[in-house]
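Everything on this sheet refers to the single structure shown next.
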Amino acid sequence: MPVESGSSAAARQQKQKRKSHSLSIRRTNSTEQDRSGLQRDMLEGQDSKLPLSLRSNLLDLFSQIEREFENLYIENLELRREIETLNDRLAAEGQTFEGADLAKGALKTKASHSTSQLSQKLKTTYKASTSKIVSSFKATTSRAVCQLVREYVGHRDGIWDLSVTRTQPVVLGTASADHTAMLWSIETGKCLLKYLGHQGSVNSIKFHPTEQMALTASGDQTAHIWRYMVQLPTPQTCFCTPCEDDVDFSDKDEADGEIDGPNDCPSIRVATTTLRSHQGVVIAADWLVGGKQVVTASWDRAANLYDVETSELVHSLTGHDQELTHCCTHPTQRLVVTSSRDTTFRLWDFRDPSIHSVNVFQGHTDTVTSAVFTVGDNVVSGSDDRTVKVWDLKNMRSPIATIRTDSAVNRISVSVNQKIIALPHDNRQVRLFDMSGVRLARLPRSNRQL
């Protein structure tokens, strides 16, 4: 009887394996429709808050991932059979110990090469499928539409901070590097008052919770408290004739801004109270609940707590290793959060008058540019590490949400009523997110002159 050579036997086995592989793929494709039909039936019987269309879309995507892994599993089985066949051939040829070692080395090289290919294919499949899933989620996320409503023109340098009064009359306050702070009518955009008491850049502005007083922090190493009285102008409706549509008002607006604009605003040059004790730039200041005390943050690595009536220093909050970048107070409790270039933010508790405690949080890898309280029990922190994190005051061990961005985050703000986070970036973009980290909107490019 003729003996079949080793090469012909290997070819026959390879042909049989290809045949079995094609049969298995056909069996998989033949059951695909039955499987999808079964999944649709399971969807109807499950209790879920997701819409049926979204659940169906998710099942389709996961089914694609399953099929890819199934095919890769079959290919992996074939590779194992090839390795076993090569081992059998080497054993049948009766090679010496040295030859066997060389064969094993060649076999290991081939196996490692096949394994690397398989690993790369798995990564590619996983990334592609994940991208599809993420894209499907983004497509279903509702987005808000933002448009420019009004401009407030009058500062001669950059604006570092803005704030809105908590009592009537409701006005907008801005702090600028031009050494001034201004109060504006929100409805008309007209300047109502200008504060000229600082000798350096005005870095922040905050309003008293119940009285008509403003707190400003400055690069002149002081914080000022000053009273204001403003009267809101009555919005006037402009009736324009058709011929005015062709007139270019750009030069006229600039002229009006110089003649009838902020230069004609009433001004205040002397502070009611001046808070001195810092040895560096005062970068931020805020009122504690009740308005009887204020806290300031400085580049001298300390935050100071002052009594408003006596202007005396009550506490000096030390511990940060580098310059402070921001401070914020809780709207209803005697809590203060400070942020620093040392990549940390600290929570100071003054609810017990006899003792104050401090907790240090290391949730970022770069400068923490700001940390603010929300109306509820949350803290939102932003950093130069391009992340924003939402924390629960009841459990600060890990954030409840993390927002990853493509640029460093500057001084963030959280709306009082709708709990929307506004993120100004170094790349001149402003994005809006909700408290769970879902992006809601991005300000149009023509409105991002920040």
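Positions of Cβ are set from backbone N, Cα and C atoms, glycine also.
Range 62-96 is the one annotated as coiled coil, of 62-96, 202-236, 237-271, 342-376 (source: TrEMBL). Through the fold, the repeat 'WD' (275-316) approaches residues 161, 200, 203-204, 206-211, 213, 215-219, 221-225, 322-334, 336, 338, 340, 348, 350, 356 of its own chain, all at least 6 residues removed from its boundaries and within a Cβ separation under 8 Å. Long-range Cβ contacts of the repeat 'WD' (195-226) within its own chain (Cβ-Cβ under 8 Å, at least 6 residues beyond either end) map to 157, 160-167, 173-183, 267-276, 278-287, 289-291, 294, 296-298, 306, 308.
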